[in-house]
């Protein structure tokens, strides 16, 4: 598949240049056909929205109905319903694996949002397979005039239930511990791999900016995986997907959880997934291993080389008895 991009020049009066990219280049400048030769106008200027920084969800007690929110620029925000096309709900539902159909729900059926209102005038058509392909007004944190314009959608289907696991309610349940909201993936075992954390309802990665052994030690300790052997960065176990939740961690080593470590505010990272942090831990801690290892028989303590309290008491009593006998003997004479 070819991708055509139009690159803007510095002068607003000049049109850009067109290049045809087959898609296997590592650099935009590696493929071009006569830069500066074109017949375009600025109304044809191209843009791009990278998937790694976007996500969407329906906010409510149900997975497939609720207030439509999109994740953009590190923050979840609402979508306005002004002049929204009728096929847009169905496209959203398909994208969320919630069936092939959906419809707009009037009023504030699923409550008002509290974050930005990112998008307005979304005009999807049947040729689109994703909300990100649909035309709209430019991204703006104040797109809606008021919360009454927020989009509420109900889908025709339901997401399949995931298989039951030991922690089936985690990490969504408030009763889950920090350990159950931290994982390492793509490694050889559960004690090595890319570090991922559960935050704001989704799994995301950790940026390797200032990532070091102190940070990795906290992760290993929190997972019950001993101490850190290494703290690789630069996506050593592959690039993750979804948000990059935190960067510039500065653990001191005394924290019991990664969430206790000083860091840049969560959700405000500007890293890319090529900077995903990872760990290699020494393995399961002795406390975990000991669950399957019988304890050695306890031997009676020995007192060699030491004088115990009972012995001292006996010596004192014996000395007093001897003293009493001597006094009595003297009186008899």
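In case you wondered, yes, glycine gets a Cβ from its N, Cα and C as well.
Within the model, the domain 'SRCR' (56-156) shows a mean pLDDT value of 89, rounded to a whole number. TrEMBL lists 56-156 (among others) with the feature domain 'SRCR'.
Of all the Cβ atoms in the protein chains shown, 25 others lie within 10 Å of the Cβ of residue 80 (disulfide bond). Per TrEMBL, disulfide bond is recorded for 80-144 (among others).
Summarising the annotation, TrEMBL assigns disulfide bond to 124-134 (among others).
Annotation comment: TrEMBL describes 182-282 (among others) as domain 'SRCR'.
A sphere of 10 angstroms centred on the C-beta of residue 207 (disulfide bond) encloses 24 other C-beta atoms. TrEMBL lists 207-271 (among others) with the feature disulfide bond.
What TrEMBL records for 220-281 (among others) is disulfide bond.
Summarising the annotation, TrEMBL assigns disulfide bond to 251-261 (among others).
Residues of the same chain that sit 6 or more residues outside the transmembrane segment (307-330) yet have a Cβ under 8 Å from a Cβ within it are not found. Residues annotated as transmembrane segment in TrEMBL: 307-330.
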Tell me the Cβ neighbour count for residue 261 (disulfide bond), meaning other Cβ atoms within 10 Å of its Cβ, over all protein chains shown.
18
Reported in the order helix, strand, coil, what are the DSSP residue counts of the domain 'SRCR' (56-156)?
14 helix, 30 strand, 57 coil
Just name the most isolated of the disulfide-bonded residues 124, 134, 144, 251, 271, going by other Cβ atoms within 10 Å of its Cβ.
271
Residue among disulfide-bonded residues 134, 207, 281 with Cα closest to the Cα of residue 261 (disulfide bond):
207
In angstrom units, rounded to an integer, how far apart are the Cα atoms of residue 220 (disulfide bond) and residue 251 (disulfide bond)?
13
